[in-house]
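Single-structure report; data block below.
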């Protein structure tokens, strides 16, 4: 490999940074996905209590992701952390029980309608697609009533697994694209 080409380049232009909030029920895989995106080890992950912030680098942007714990005791405080968010990542376990899926649906609906989030781009990841019980992205879309509910909003729904980070990166790339578009809109006013 020729390393000279790397050294002779000037510093890269600063990448835009976006503040994104990441929510989802406990066990949906938020921490694992975000850790993998940051190339951190995922073997000793414990449930997030409170929240954690990760700067997740992508080619054309840096996402400062505020991940909120999914336990019931924490969930009721989620909205306290919404302020200043520019985008939302909602992660759900597509192989979870009917009950949990219903709770996830309720949480997603209230996030989509929350005054601080309702105008923001949403990336919804139907995680654990590799599990035998996983519902397809189409089933999730129907079950979560996304078409009628999120009409007029910018949202992306993609399947994900922690073993295929290329797909996850692609999904985040789509979110960054929506964030950039929103940025330009604000700039035009």
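Quick reminder: no glycine exception, Cβ is built from N, Cα and C everywhere.
TrEMBL has this to say about the protein:
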BINDING   24, 25, 26, 27, 28, 29, 30, 31, 70, 127, 128, 129, 130  GTP binding site
BINDING   31, 48  Mg(2+) binding site
Residue 24 (GTP binding site) has how many other Cβ neighbours within 10 Å of its own Cβ?
26
Take the Cβ of residue 70 (GTP binding site) and count every other Cβ within 10 Å, whichever protein chain it belongs to.
25
Fewest other Cβ within 10 angstroms of its own Cβ, chosen from the binding-site residues 31, 128, 130:
130
Round to the nearest Å and give the CA-to-CA distance linking residue 26 (GTP binding site) with residue 48 (Mg(2+) binding site).
8
Using a 10 Å cut-off on Cβ-Cβ distances across all protein chains shown, tell me which of the binding-site residues (28, 48) has the largest neighbour count.
28
If we take the Cα of residue 48 (Mg(2+) binding site) and draw a 10 Å sphere, the binding-site residues of 28, 30, 70 inside it are 30, 70
